[in-house]
Amino acid sequence: MQVKSIKMRWESGGVNYCYLLSDSKNKKSWLIDPAEPPEVLPELTEDEKISVEAIVNTHHHYDHADGNADILKYLKEKNPTSKVEVIGGSKDCPKVTIIPENLKKLHLGDLEITCIRTPCHTRDSICYYVKDPTTDERCIFTGDTLFTAGCGRFFEGTGEEMDIALNNSILETVGRQNWSKTRVYPGHEYTSDNVKFVRKIYPQVGENKALDELEQFCSKHEVTAGRFTLKDEVEFNPFMRLEDPKVQKAAGDTNNSWDRAQIMDKLRAMKNRM
């Protein structure tokens, strides 16, 4: 399994990622969230372009799915005999041909991919959990549901739904035994800003060792995609630590009386105000 991260909209502030997921053994690939063709296509080799079997969206927002039609047209012109699918969570994803149900299994060459529906940021949000059975490598493409040390805004959902998405749907599908080997590839590079928010919850160095290490990494590296795992998220991401008394206190639950949805909603509101 190989993952190529492609920057999009960094100069305009969007700091999006497109990803080329490849099964190098079978020379097949998926192009995930290629919203900006002029930025994506020059980053692909001719062999990579020919290898694309599907354009894949994590959700329908323009900065993830608006490149579908142009990319599809380009790839068909490049290889007229090939069939390129468009995979997404709803008909709102342009040119979509496959809308997978929750936990639908798909294959890319030898790679096994589970489609985890995570409605909240949008109703059609999907995270794609990938396993390479040959090497046992694993990763997950989380779009705007899970960011490194953060999560997406609840545009079309609630705190309860985001809690379910992060802490049930993703974690339980992947399985605790696989958290430490499942690398996270989010839709945006928001990590540095997220660290500033999380530091308000754990203000002292030493309170959260995982956060300290993430902060140090961010001080030296611009790109964090694929560098951290689900286990890391459970250790430093407050949206995945709702049972932590420090997270509860930061949200305003001083007597441990709030339910998880209330804590999640308040955390998101606090992050929105930053």
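Glycine is no exception: its Cβ is also placed from the backbone N, Cα and C atoms.
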Return the residue out of ASP33, ASP92, ASP136, ASP144 that Swiss-Prot annotates for the same Zn(2+) 1 site as HIS59, HIS61, HIS121. ASP144
Which of these, ARG153, ARG227, ARG241, does Swiss-Prot say binds substrate at the same site as HIS188, GLU189, TYR190, ARG268, ALA269, MET270, LYS271? ARG153
In Swiss-Prot, which of these is labelled phosphoserine: SER82, SER257? SER257
Within 10 Å of the Cβ of GLU189 (substrate binding site), how many other Cβ atoms are there? 22
Would you mind checking how many other C-beta atoms are within 10 angstroms of the C-beta on ARG153 (substrate binding site)? 13
HIS61, HIS64, HIS121, LYS271: which of these binding-site residues has the sparsest Cβ neighbourhood within 10 Å? LYS271
Which number gives the other C-beta atoms within 10 angstroms of the C-beta of ASP63 (Zn(2+) 2 binding site), all protein chains shown included? 19
